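Accompanying notes for the structure given below.
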């Protein structure tokens, strides 16, 4: 059978333009290790095991102890959840079957930092299984913090050869310890990085420069992580090629939009039981995440306001029927505040002081930086745990603000995310890793690249059979008229 060329000699990834004055939402590289530890939680439920996994001696069924999870005995339980996720990730499973024959990642040593869910475990098993490279993964715990029992998903990939360092209730120190354990391994050195947020890349760059220089490629899927890469590139310090998966069409137009459109309501309902009809909600940011959140809230009858810094996104919000305001203009009257910007200090202590009683505050953007939670840890304010992931912050006059997941990602902390959409993103990441790893020397320089539209379209085509969708084919005459190849790509590189 004919093999698909993952690294086509005639086609390079389109280099993303880096212009002077490019708007950057990320924090500086020097700040990234101090004001963010991604979604690592700083607390545990009373039902959590009081013994830290770092103090436990555990061995998997193969006799290996090269992992650190909450309870390896729950691996089989987690495996069943992963098998459920596989049912809605047919494209990724198809890619895995092909990888077993072609072995495109043979010899790859992948180190990754991402949320550990049943869905990302399917991706992890793809890389670690037949045809894949050995990998060490640190998982940000918030993705598994909805139920105690869900922590078993973190344990499940361990028996399949994937070394996982992750558990529910990680402290900041635990978070960085896990990352270091994945990087600093005797007799093993990573040659590929799969990152979500840039924390792993930053750690390797700062702590292990010799390792960083030998990395063959970085795949990054988040807004903030991508901006950190552009910062390194602009400063001339990015010594390896990096793939910007976040700005690929199959990430932006599907994961960011459709995933958040469904998971925002799931997270809010599970934690607060709130009814949205007639509620006033302000969504900070009208990118793809904000668009998804606004669409879902509007459909349930909420009155939605939008804040934006970008006039183009602001105009889109207006055309979609939302009023664009400054946060300070509506902060006293809204019932729910949702951040979706990827920035820091979007909701400040001043905003929090002016909120009405029982206002719900949550984050759908990046990490734990969008809401200034640190300013709430002051002696004059009282914290009251209401249920898992729900805190009442009480002011001296009795006013309560309902803070969800301590400002971390709502959908990954308090609900589940749609498996099918994550299959799209995971397939895109896998193809990006395969391309970078197999590309001939010199094709990709020390910079940040975008996926070609041909690869985006291939990922989309793998998922169409799930809907029994049948594509129309161009005739030769039509293709000539449009100036396109009949087989694509159909979108220009700037789309």
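Any Cβ shown, glycine's included, is placed from N, Cα and C.
Long-range Cβ contacts of residue 251 (substrate binding site) within its own chain (separation 6+, distance under 8 Å): 221, 245, 424, 425, 428. Annotation comment: TrEMBL describes 117, 196, 221, 251, 255 as substrate binding site.
Annotation comment: TrEMBL describes 287, 288, 289, 290, 291, 292, 308, 411 as NAD(+) binding site. Other Cβ atoms within 10 Å of the Cβ of residue 287 (NAD(+) binding site) number 21 in total over all chains.
The compositional bias 'Low complexity' feature in TrEMBL is assigned to 26-45.
Per TrEMBL, the feature domain 'S-adenosyl-L-homocysteine hydrolase NAD binding' maps to 256-417.
Annotated region 'Disordered' per TrEMBL: 1-65, in sequence order.
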(request) For each of the binding-site residues (117, 411), count the other CB atoms lying within 10 A of its CB, then report the residue with the highest count. (result) 411
(message) A 10 Å Cβ contact count, applied to the binding-site residues 290, 292: which residue has the minimum?
(response) 292
(request) Using C-alpha atoms only, work out the spacing between residue 290 (NAD(+) binding site) and residue 255 (substrate binding site) and round it to an integer in Å. (result) 12
(message) Within its own chain, what residues at least 6 apart in sequence put their Cβ under 8 Å from the Cβ of residue 289 (NAD(+) binding site), listed in sequence order?
(response) 256, 257, 260, 340, 364, 365
